[in-house]
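Now, the feature entries from Swiss-Prot:
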BINDING   79, 110  anthranilate 1 binding site
BINDING   79, 82-83, 87, 89-92, 107-115, 119  5-phospho-alpha-D-ribose 1-diphosphate binding site
BINDING   91, 224  Mg(2+) 1 binding site
BINDING   165  anthranilate 2 binding site
BINDING   223, 224  Mg(2+) 2 binding site
């Protein structure tokens with residue numbers, strides 16, 4: 001371990017195996033707080049490489065509680081958080097709409113990082129049980145097309161890093177790991193990142209981790225597909241990565257200002273999304289969710305983004321997405 005730490009102090013990068021070794025020690029609580037802080041800051045200053053991020057993700061997945069992985073195609077839709085926009089929970093709403101469109105979504109999430117309401121905060125406000133046992137969550141995925149996996153329930157080793165992360169008060173590799181350590185190990189993922197510089201490195205990390213198809217996005221300051229600006233995308237498909245840009249017009253949608261997507265407390269966000277998913281919501285909110293669902297559906301092989309967005313809007317207006325919310329809450 002000391003050899004790996006010395007390497008970091010010399011600003012050298014680790015290979016995947018070394019990173020996996022380091023992060024295995026971290027989640028087992030084997031590092032002193034000072035060593036952990038030094039390792040995280042050394043990586044941050046030099047810039048984390050895809051092989052290192054992948055090694056860390058593998059260590060955390062190896063340490064995670066097991067989830068009965070389905071053999072059918074399913075996806076995660078998740079953002080790093082930390083984009084500072086305090087928007088409504090677009091990815092959470094998108095998971096329910098995508099499920100209503102026939103996709104299977106196992107969403108991995110946590111409590112809020114930067115906004116006043118993370119995906120877990122919102123689901124709790126809907127009365128959805130966060131700590132559903134793995135077998136029951138899998139059943140929800142089979143039957144409703146959507147389930148939610150609460151990170152602290154599966155990743156108990158994370159707690160060893162928490163005090164140091166809180167003291168450092170700065171982003172570290174842990175801020176990008178959340179979306180990469182879904183215990184269900186989905187083959188498909190739509191991942192939003194808080195900075196455009198992360199789009200390609202995270203796509204490369206997903207390639208190392210063996211994802212079949214995934215899209216990493218950043219849109220105008222948001223860790224989602226944007227309807228107020230251009231979205232930068234790196235799409236991984238069978239080992240090849242293609243970078244491109246999308247605008248609201250790519251989805252046949254009109255643009256809306258970022259202010260139109262502002263969220264509030266978990267209770268306020270719940271009311272906003274309840275109206276939206278019942279087909280009575282704000283057109284800007286519907287457009288934002290439709291754009292994200294459209295790109296997610298592309299990963300399942302539905303290549304026409306405009307058609308996908310229209311299907312998502314139809315599903316939103318029909319109120320069928322909200323039935324998934326109430327059905328999931330009823331399993332509590």
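Cβ coordinates come from backbone N, Cα and C, glycine included.
Remember, it's a predicted structure, so these values are computed and weren't measured experimentally.
Of all Cβ atoms in the shown protein chains, 24 besides its own fall within 10 Å of the Cβ of residue 87 (5-phospho-alpha-D-ribose 1-diphosphate binding site).
A straight line from the CA of residue 224 (Mg(2+) 1 binding site) to the CA of the residue listed as 'anthranilate 2 binding site' spans 24 Å. Local packing around the binding-site residues 91, 110 was summarised as the count of other Cβ atoms within 10 Å of each Cβ; on this measure the leading residue is 91. Residue 79 (anthranilate 1 binding site) sits 7 Å from residue 91 (5-phospho-alpha-D-ribose 1-diphosphate binding site), taking the CA atoms of both as reference points.
Under DSSP, residue 111 (5-phospho-alpha-D-ribose 1-diphosphate binding site) is assigned to coil, being neither helix nor strand in the three-state scheme. The two recorded residues, residue 108 (5-phospho-alpha-D-ribose 1-diphosphate binding site) and residue 223 (Mg(2+) 2 binding site), show a Cα separation of 15 Å. Here the CA atom of residue 87 (5-phospho-alpha-D-ribose 1-diphosphate binding site) lies 24 Å from the CA atom of the residue listed as 'anthranilate 2 binding site'. Put simply, residue 223 (Mg(2+) 2 binding site) is 15 Å from residue 110 (anthranilate 1 binding site) when counted between their Cα atoms.
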